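Sharing the feature lines straight out of Swiss-Prot:
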- G111, T112, N113, G114, K115, T116, T117: ATP binding site (BINDING)
- R378, D402, N403, P404, R405, G455, E459: meso-2,6-diaminopimelate binding site (BINDING)
- K220: N6-carboxylysine (MOD_RES)
- 402-405: motif 'Meso-diaminopimelate recognition motif' (MOTIF)
Amino acid sequence: MELRDLIGALEAPMLMGADNVDITNIQSDSRRVTKGSLFVAVRGTAVDGHAYMDSAIEKGAVAIVCEETPSYLEGRCSFIVVKDSAEALGLLVSRWYGDPSRKLMLVGVTGTNGKTTIATLLYEMFRKMGHKVGLLSTVCNYIDGEAVPTDHTTPDPLTLHSLMARMVEAGCEYAFMEVSSHSIDQRRISGLSFDGGIFTNLTRDHLDYHKTVENYLKAKKKFFDDLPAGTFALTNADDKSGLVMLQNTKAKKLTYSLRTLADFKGKILESHFEGTDLIINGREVMVHFVGRFNAYNLLAVYGAAVSLGKDPEEVLIVLSTLRSVSGRFETIQSPLGYTAIVDYAHTPDALTNVLNGIHEVLDGKGRIITVVGAGGNRDKGKRPLMAKEAVKLSDQVILTSDNPRFEEPDDIINDMVAGLTKMDMERTLCITDRTQAIKTATMLAKKGDVILVAGKGHEDYQEIKGVKQHFDDREKLREIFSTQQS
């Protein structure tokens, strides 16, 4: 593709040099540049691509997109100067792949909790309705039925548009994706054409990156601000930030709620470990999900499907057949008559939601034993809050290690303990080894009790000193249960 055809996707680019050069590929990592590359110099959180423009030229880049050009490089290749090279990258890659997101009905899901569940259930629902569908999520990306492993909630623009192009090639009509606050702030979703957006909730998370809750909220809100007319913006009316998301959007404004009047109104009739009886917009449905937080997720799924033109009755029928997402309130039964639940809850609010969901079902008839940790090199402020919520809503808590990364696990546990009183500590054990922590919980549990193993969910690794070592909470529990005699 010629450079002039590519830069037509950009707003007011300043070209220095020839525009008729042939581009063989687009790169934002100078190490991947080859002969004929267009190199986009992006200012990242840790690395500034502008420092590698010289290296990119030496490796064969014939054009560079940047925010400023050093005079000593002028004349060595074509330069395109833009206001925001991160924004430009997405637009260029989209053009390179033929703007694939415009050929799909693309819906983004953002918020602190619930993104994976909502995006995955929409993917499964639309497949059950006979459509070819794509999914971009924390757990895995899917092109119709083909799994494509993932490392981030939202991939980089090169991967993202490449996946979208593969979805179009595979005949997909719809795509559902998680949209993280990082990806919005870093313009990783630049160049994508969304047909709708869903907001779940907003609680403390990622403050190691955003610094304040206000910045975190602004990042989420920008996604809705950028939705054009003719799309839909569906928000949780019961979350204090829900209506804020709709303030400046041009999209059709829609709400879902369990507490107030809304376009999609739900009510919980009864909860049990097999599922929940719900009323949605006056129609009763039995679903295979537990807890109030999941009722919100299902309302969002219902609302999005109806907003995409699906028949409400058909949506309810399919909703009743859907099952829980991997590592989200995933139940494993012990032969000794107690239940283990593995959940990804890794924020204070998510932990509260899951524990409240367990209480709704137990109704005071069994004890709750919670195994929980906090990730290393992430928001330290949430550590004492996690411990506090766990103790408040559990009968016994075991604090343990959870992806310590480059921190010492005991230091993280000490940060968690800082949120507890002497009385709280009477119901709290600190066991650094996660395997031992899970084993201890199973030794303490009796018939009718529930063990919650929180924080990792679908993850099958522990990240220690930069190395991901295999570790799966579900595997550990099944190994223990396989040795138990009823």
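Please read every residue number as a count from 1 along the shown chain.
Heads up, the Cβ atoms here are built off N, Cα and C, so glycines get one too.
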Sort out the residues at least 6 away from either end of the motif 'Meso-diaminopimelate recognition motif' (402-405), same chain, that have Cβ-Cβ distances under 8 Å to it, and list them.
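Answer is 346, 372-378, 412, 434, 455-456, 459, 461-466.
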Return only the integer: C-alpha distance in Å from P404 (meso-2,6-diaminopimelate binding site) to K115 (ATP binding site).
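If we compare the Cα positions of P404 (meso-2,6-diaminopimelate binding site) and K115 (ATP binding site), the gap is 24 Å.
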In the structure shown, which of the binding-site residues T112, T116, T117, N403 has the fewest Cβ neighbours within 10 Å?
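Least crowded of the binding-site residues T112, T116, T117, N403, by Cβ count within 10 Å, is T112.
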Using the structure shown, find which entry in D402, E459 (the binding-site residues) has the sparsest Cβ neighbourhood within 10 Å.
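Counting other Cβ atoms within 10 Å of each of the binding-site residues D402, E459 gives the minimum at E459.
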So, three-state DSSP: helix, strand or coil for R405 (meso-2,6-diaminopimelate binding site)?
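The three-state answer is strand.
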Would you say which of the binding-site residues K115, R378 has the most Cβ atoms within 10 Å of its own Cβ?
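Ranked by Cβ atoms within 10 Å, first place goes to K115.
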Roughly how many Å separate the Cα of K115 (ATP binding site) from that of R378 (meso-2,6-diaminopimelate binding site), to the nearest whole number?
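About 20 Å separates the two Cα atoms.
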How many whole Å apart are the CA atoms of E459 (meso-2,6-diaminopimelate binding site) and T116 (ATP binding site)?
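It is 13 Å, counting Cα to Cα.
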Taking 10 A as the limit, how many CB atoms besides its own sit near the CB of N113 (ATP binding site)?
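Summing over all protein chains shown, N113 (ATP binding site) has 26 other Cβ atoms within 10 Å.
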How many Å lie between the Cα of G114 (ATP binding site) and the Cα of G455 (meso-2,6-diaminopimelate binding site)?
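Distance between the two Cα atoms comes out at 14 Å.
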Residues other than G111, T112, N113, G114, K115, T116, T117 within 8 Å, Cβ to Cβ centroid, of the ATP site?
V109, I118, E178, T200, N201, N297
If you count CB neighbours within 10 Å, which one among the binding-site residues P404, G455 has the smallest count?
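Candidates: the binding-site residues P404, G455. Fewest Cβ atoms within 10 Å: P404.
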Around the meso-2,6-diaminopimelate site recorded as R378, D402, N403, P404, R405, G455, E459, what other same-chain residues have a C-beta within 8 angstroms of the site's C-beta center?
H346, G373, A374, G375, G376, S401, K456, Q462, E463
Under DSSP, is T112 (ATP binding site) helix, strand or coil?
coil
Hey, what's the Cβ neighbour count for G114 (ATP binding site) at 10 Å?
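Cβ-Cβ neighbours of G114 (ATP binding site) within 10 Å number 25.
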